[in-house]
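Annotation comment: TrEMBL describes 10-230 as domain 'Anoctamin dimerisation'. Annotated domain 'Anoctamin transmembrane' per TrEMBL: 233-816, in sequence order. Summarising the annotation, TrEMBL assigns transmembrane segment to 244-269, 322-342, 406-433, 453-474, 501-519, 617-640, 668-692, 771-802.
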Amino acid sequence: DFDDKPDSLFFSDGQRRIDFILVYEDENKKITHKRSDRKKQKRKRQVYESNLINNGLQLEATRSVSDEKLIFVKVHAPWEVLCTYAEIMHIKLPLQPNDLKTRNSAFSWFSRLFRVDESIIKPEQEFFTAPFQKEHLSNFYVQDKDTFFNPATRSRIVHFILSRVEYATKKNVKRFGINKLLDSGIYKAAFPLHDSSFRHPSTDPKCPSERHLLYKEWAHPKNIFKLQPLDFIRKYYGEKIGIYFAWLGFYTNMLIVAAVVGVGCFLYGCLTRNNCTWSQEVCDPNIGGNIIMCPQCDKACTYWNLTITCESSKKLCIFDSFGTLVFAVFMGIWVTLFLEFWKRRQAELEYEWDTVEYLEQEEQVRPEYEARCTHIVVNEITQQEEHVPYTTCGKCIRMTFCTSAVFFWILLIIASVIGVIVYRLSVFLVFSATLPRHISETEAIRKYLTPQTATSVTASLISFIVIMVLNVIYEKVAILITDFELPRTQTEYENSLTMKMFLFQFVNYYSSCFYIAFFKGKFVGHPGNPVYWLGKYRNEECDPGGCLLELTTQLAIIVGGKALWNNIQEVLLPWVKNLIGRHCAAAGSEKVVPRWEHDYHLQPIGKLGLFYEYLEMVIQFGFVTLFVASFPLGPLLALINNMLEIRLDAWKLTTQFRRMVPQKAQDIGAWQPIMQGIAILAVVTNAMIIAFTSDMIPRLVYYWSFSVPPYGSHSSHTMKGYINNTLSVFNISDFKNASKPLSSWFGNRTTCRYRDFRYPPGHQHQYEHNIYYWHVIAAKLAFIIVMEHIIYFVKFIISYLIPDVSQKTKSKVKREKYLTQKLLHENDLKVVKRTMGKIAHKIIKGVDGTFQHKIE
């Protein structure tokens, strides 16, 4: 059937191109099923293939070379079928070459250094396009019928037919579509063919070897610093894949600026940490060495010396500096610039890739929706009867059920987070009792492994494991809920699933970070009257330097662990599966294997396609923006990950997976409003992290107000005495029996210190919040309001000044509409005029003949 030409993409006649492959197991050679079941399956398959032929498709079956049980059915769509369905699907096709002059940007010389060599991958010729109409075929740019519909468009049309052809009728309900047949096992696979091997060009001179070019110039690791050939990707894989890589590449390029500024802020923190006065006081044996801290848990914990937090205070100086504030403000503006410039880029791609009016014209109803359309309603607009899958009441019940299920699973995630918090509270007691932290001990380990650090790291690891396990469960639950909801189109289905999955993932990934940033150490009371969680566990306290370093640790573990896990899962699993599949196939046969058989042994792409790729990147986008005030190196890690991610995703698509069915996509869907929501929330979270999680505001209040009279004793503004001023005093005789430490007290001191702003024992308002506390609270609230309003105002100005569609793109769209009207509609008028002119000429000629006859 292929004349030992493994790269052949044609029927046995060498003329008709293979547009799709269907694979099934010969029913006569199946062992696992009952004979009656095999007959039913064979009947359904035969009916389905008969109906495909009735719809104009041409089929050719061939047996597998390596496995005699497998039958490959090659599908070809003739010219007439392609034209008919191109009109039904409103596919835009070329009218004439684009005659608008393009001006190169000022930076084109620089970007040319990173582009793919144009002699290897030639730039695609630009055309003005219009929805195809058979009656206006002469107006379209048809130079060759074999190339007018490119392979991606041909496969898309054939898949449209495959998804809607009937194979059975049961109780007056039609059963149709290749997806149902795949799910029931009648067919084992259905896919379009790759055009060549990725390792070498095709031996067939008719084949352009686009897959090989994509691997060589795009997916290979050597191209990590090159720009992506987006038009070529779109041509081979379709617009949906193309726009994902366009967005990912744009996001990665924008991260370069954020990473540079973030590294600059980090280096500023490193260079200025030696000038950090409050850290020097913590490490000073005459200051921090003389400060004895109160126990941080009941009974099991003991008193401890402030100097054991010396190392963590030095690290904290790096992240809790003035540079962090600058970076948080910068990122609030950066995220707006990213979203606004992406809208412009997206508008350009919509025009260039003919998806401007895609949703209104082309998108078809999902087969799963059509199959359930049993209820008849009257359309309010057309006043005609139409079929829908459920009544208004049924729709309300479905929506109520789906909403309730979503909230139930979100509450379940919150319960798991509470479980991790309970672990933190209970294990802190164990670490406090076992780790060396007595005043008299001098082991080096105590400088680095404090009970807070041990609790934080182990809890972060457990939180990461819980997140990864819950992800697997929630993905299946979200798909089940969305299937039950039954959206009308594929875009609506993906948008609905996107919102559910992101809600799940948002709570799953970010809840532990929100807990550390905004709840831990905020509601602890004081040693004489501690606050208890669930009435049993004493609330956690932060280190004397605050919880910022712990939040940084949590982010580093989750972001780094997530990136590593995802890359292993995405790359290693399909590679191992394909390796096993190739080994099994090679063991059975050493014959020359055709292209369709090679592709069959590759991994199938999931039904959701790139959904998980988008989800991974948007979750990362959330980490980069929401908590960037605590982790300025976040954009750098994201940049490195994304540079690898682009090539890994490309490598995976070109080498490990079957070719996807090309699909249209106008934009990135529901991910755009999700990112806009994250951008708005990021301003609030970063302002609150600086205000409530870091110690920047208390330090500024001390520097400007409490270091000098009337509150301070220094003659000029200084940070000296900050640690002593911000640690409150507690009389150990005021401990309650339930929280009094079991260990003996060292020395003859009667007081210990704790992190809070309260009056000392003996004061008329002892253990109540002092004037410093209220100054700090007022300064924090004022800072949040000022920072939010400034950034939101700048965001509004930027959004107003940067139009969503550039003037160049607007001109192209207007020119295309003008040409469409001129070529299609004016040509119709010419035909009418020509026809009417002939009729008028005949009438006049007839009248003249009558008059002449009468005269005679």
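Using N, Cα and C of the backbone, Cβ positions are placed for all residues, glycine too.
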Counting only CB pairs under 8 A, let me know which of 244-269, 322-342, 453-474 has the most with the transmembrane segment (617-640).
244-269
Would you kindly list the residues that approach the transmembrane segment (322-342) from elsewhere in its chain, counting only those six or more residues past its ends and only Cβ-Cβ distances under 8 Å?
247, 250-251, 254, 257-258, 261-262, 264-266, 268-269, 624-625, 628-630, 632, 635, 672, 675-676, 678-679, 682-683, 686-687, 689-690, 694, 696, 787, 790-791, 794-795, 798-799, 802, 804
Positions whose Cβ lies under 8 angstroms from the transmembrane segment (406-433), at least six residues beyond its ends:
295-298, 300-302, 451-452, 454-455, 458-459, 462-463, 466, 470, 474, 477, 481, 500, 503-504, 507-508, 511-512, 515, 533-534, 537-540
Residues sitting near the transmembrane segment (501-519): Cβ under 8 Å, six or more positions beyond its termini, same chain?
406, 409-410, 413-414, 417, 420-421, 459-460, 463, 467, 470-471, 474-475, 477-478, 547, 550-551, 554-555, 558, 562, 611, 615, 618-619, 622-623, 626-627, 630, 670, 674, 685, 688-689, 692-693
Distant-in-sequence neighbours of the transmembrane segment (453-474), which means Cβ under 8 A and at least six residues beyond its ends:
312, 409, 413, 416-417, 419-420, 423-424, 427-428, 431, 435, 501, 504-505, 508-509, 512, 540, 550, 553-554, 557-558, 561-562, 565
